[in-house]
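Listed features, source Swiss-Prot:
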DOMAIN    24-289  domain 'Tyrosine-protein phosphatase'
MOD_RES   Ser35  phosphoserine
ACT_SITE  Cys227  active site, phosphocysteine intermediate
REGION    330-358  region 'Disordered'
MOD_RES   Ser452  phosphoserine
COMPBIAS  536-546  compositional bias 'Polar residues'
REGION    536-564  region 'Disordered'
REGION    597-619  region 'Disordered'
REGION    613-621  region 'Interaction with CSK'
MOD_RES   Ser634  phosphoserine
REGION    653-695  region 'Disordered'
MOD_RES   Ser680  phosphoserine
MOD_RES   Ser687  phosphoserine
COMPBIAS  713-744  compositional bias 'Polar residues'
REGION    713-802  region 'Disordered'
COMPBIAS  745-754  compositional bias 'Basic residues'
Amino acid sequence: MDQREILQQLLKEAQKKKLNSEEFASEFLKLKRQSTKYKADKIYPTTVAQRPKNIKKNRYKDILPYDHSLVELSLLTSDEDSSYINASFIKGVYGPKAYIATQGPLSTTLLDFWRMIWEYRILVIVMACMEFEMGKKKCERYWAEPGETQLQFGPFSISCEAEKKKSDYKIRTLKAKFNNETRIIYQFHYKNWPDHDVPSSIDPILQLIWDMRCYQEDDCVPICIHCSAGCGRTGVICAVDYTWMLLKDGIIPKNFSVFNLIQEMRTQRPSLVQTQEQYELVYSAVLELFKRHMDVISDNHLGREIQAQCSIPEQSLTVEADSCPLDLPKNAMRDVKTTNQHSKQGAEAESTGGSSLGLRTSTMNAEEELVLHSAKSSPSFNCLELNCGCNNKAVITRNGQARASPVVGEPLQKYQSLDFGSMLFGSCPSALPINTADRYHNSKGPVKRTKSTPFELIQQRKTNDLAVGDGFSCLESQLHEHYSLRELQVQRVAHVSSEELNYSLPGACDASCVPRHSPGALRVHLYTSLAEDPYFSSSPPNSADSKMSFDLPEKQDGATSPGALLPASSTTSFFYSNPHDSLVMNTLTSFSPPLNQETAVEAPSRRTDDEIPPPLPERTPESFIVVEEAGEPSPRVTESLPLVVTFGASPECSGTSEMKSHDSVGFTPSKNVKLRSPKSDRHQDGSPPPPLPERTLESFFLADEDCIQAQAVQTSSTSYPETTENSTSSKQTLRTPGKSFTRSKSLKIFRNMKKSVCNSSSPSKPTERVQPKNSSSFLNFGFGNRFSKPKGPRNPPSAWNM
C-alpha cells in the first residue's frame, strides 16, 4: 500500500472513532492501567530520581523520570553540581534522543536547566505553559524579556535579542553566553494552553510545530519541550510532531496507531498525554494532519499527471528552412528573446488548427498509416495537443518535458483539456520514453515540423449553381451508366501517390516541395473523419459514429464484402469512373484539411478507438453533387497510376506498387455514407475475404411492383439479352434470405428516382419507353405521391375488388 491508501484507511478509522467517544475513554483507560502497572511492578525503575538528594529537584512526587531514559548532566560548573535533572529522552523517528521532555525549572534547578541546554547544544525550546497558572507558580523564568538586562544563572548569561509575537505564542531569540562562547537559542512560548485542558483550536498548535521545524528541520540535536510537569502538554507536542515527521517523509506505516504511539512514549516518561481530553486532542491534530497531507498528495499527484501528460520526448530541435534551433533551460527564467521565439512558434501552432479545430495527436490503427517520403529525415519532436485557450502556454524544454509556463505579463491559466495522456498511458504518472525506431504500442509518433504549418485548410469550394434536383439527376445518370455494365470491379488501392492525393483535393499545395522517393521517410498517419449526412440522419455530425465508411453487408462467415476494402483517404469518397482509365478521386466531402506537401509532418502512428474526431462543419446539398464531363463514357476501371503512399504492413499491402483487385463489389443503402476500414486490415495476419457473386444493375435498388412490371416490358424489347438474365437473377436475389437489403431513412428521398431509373428504357431505343402511371419527378414530395400505394402483398387477392 502506498501512503495515499494508508492515509485514507487511517482517516476512515479515526473518523469512526471520533463519532464514538466511548472508544477514546476505553483506550485512555488502558493507557492509565498500563502506567499503573509499570509503577506497581517497577518495570521501569526510577531509582535515581528517588534518591534523597534528588527528591527536592522534582516538582511533583509522582512524575519521576525512568532510569533508562534519564538525561544525565556531565557539564559541571561547581562542586555542588550533580548529574540529575528531571528530564527524559523521547525517541523520535530517526533517533532515540529526538526530544527532551522536562519539567518547568524550579528556582533550585535553573542552573541545571541551562547546563542541560548547553551540554546537549539545544537550539529550540518549546514552553507549553505560563509562568503562573491558577495563582500557582508553574515555571521559573529562565529567559530574559526584550530590553531587560541580561540574566545571570551561574556562569551563564542570558539575554533576549528579539521577540516575535504570534496569535497564541511568542518566538524569542535568546543569546546565551558561557566561557566566552555565545550561542543563539529560540524559545517558542505557547501562552493559551490551560493546564489539564486543551486549547480551543488545534491550528495554533500545528502552526507552532510548523514554525518549530522551520528553525530545526532534523533531529541532529534534541528539541527541548516542557510544560509544568513535563508530561501532559509536553506529550501532546511530542506525539503530534512525531506524526508530522512521518508524514513529511512519507513513511507512515500500515499499522500506525495513536494509541500505540502514546503507549510507547509512556514507556520513556510517565504520564505523557496526561488526560483523556489531551488524548482526544492528539487524535484531532493527527486527523487534521492527515487531511492536509492528503490534499498535498492529491496536488502533487495531479501535478505529476499534468507533467507526464505534457512530457514531450525530443531527440533534437533542429528546425529546417529558416528557423533556428531552440535551447531552453529547464529551471531558469527565459529571457525576452527566447520568450519571443516561443510566442512566435506558439502563434504558428495555434494558426494551424483554425479558430475551432485543434491539432490532436493520438494513436491510430496500423491499417490507417500512410508513409510519405521526404527529401531529408531531420530530427523530430512531438507536438503537444493544442486546444483553444491554452495552446499558447506550452513551453518545450530540452529534457523532453513541457512545463506550463505563462508568458511574461499574462496571468496564469488552467489547462482545460490535457487528457490525451490518459488516453495514451492510462493512469500512469510518468510518460514512457518514446523511441522513434521501435515505438511502444500506444506511444505517440514523432512530428516533424518545418517552416510552414503542419496542416492547411483547403480553399473554399466553389459554389455550385446546380439545384438539388439537378444534383440528384446527375447522380442518377452516373449510377445508371455504371450499372449498365455487366459487373463492377473495384480494385483495392494499396498505394496512393501523394501527388494524386493532392490532385484529388482542390487547392492542393505544390508537389515539388516533397520529393517522392527520398531515403528519409516522413510518416503521416491519416484517419477518416467524415460527418454523417445532416439531412438524412438524426445523429449529430460530431458524434462518435462520424467516421466515413460504407455499411456493406457481411457474408455469413463474417467476412466483409470486397466493396469495404476501399482505401482510407482523408475525408474523400471515390467514384471509380475515369474516361482515361485512371483512378480519379472525386471528393464528396472535404471538411478536413488535405496534406500540405510543403510541410513535413509526422502525426501519431496509432489512434485509440474511444477518441472522438474534432467537430466538422455541416454539409450542404451541393456537396452531394458530383460534376463530370457530359457525354463521356464510364468504362470499367482496369488499371491505375503508379502510387507512392503505402498503407501499414498487412497481407494485402506488402509495400509494393502492385494493386490487389476483387471481382465484384456490393453496395447496400445505409443510413450514412461511411468508409469503414476492412476487417482484413484489422487482422494483419488474416487472408482477404473471398469475392461475392456477381451483382447486377437492378440488384442495387429496392424493387416494387411497378418497377418489376416495367422492367418486364422493357427487357422483352431490349437488345441486351444478358440484362434480362440479370433482371431474373436480381429478383431471385431479392427473395434470397441471406441477401436481403435493409431500408434506410436517408434513402427514402430516392424512391421516385429509383422508379424512374427502373422504368427508363434502354439508350438504344428511346422511343419504346414504358412509363408507369405513378411515375413522376422525384422532386415532387407531395403527400399523395409518397403514400399513393397501400402497403400489402405484391399480388392482392381477388376478394379485395381493386
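Note that Cβ sites are derived from N, Cα and C of the backbone, with glycine treated the same way.
Helix, strand and coil counts from DSSP across the region 'Interaction with CSK' (613-621) read 1 helix, 0 strand, 8 coil.
Between the CA atoms of Ser35 (phosphoserine) and Cys227 (active site, phosphocysteine intermediate) there is a gap of 20 Å, rounded to the nearest whole number. Model confidence over the region 'Interaction with CSK' (613-621) stands at 73, taken as the mean pLDDT rounded to a whole number. The residue listed as 'active site, phosphocysteine intermediate' carries neither a helix nor a strand DSSP state and counts as coil.
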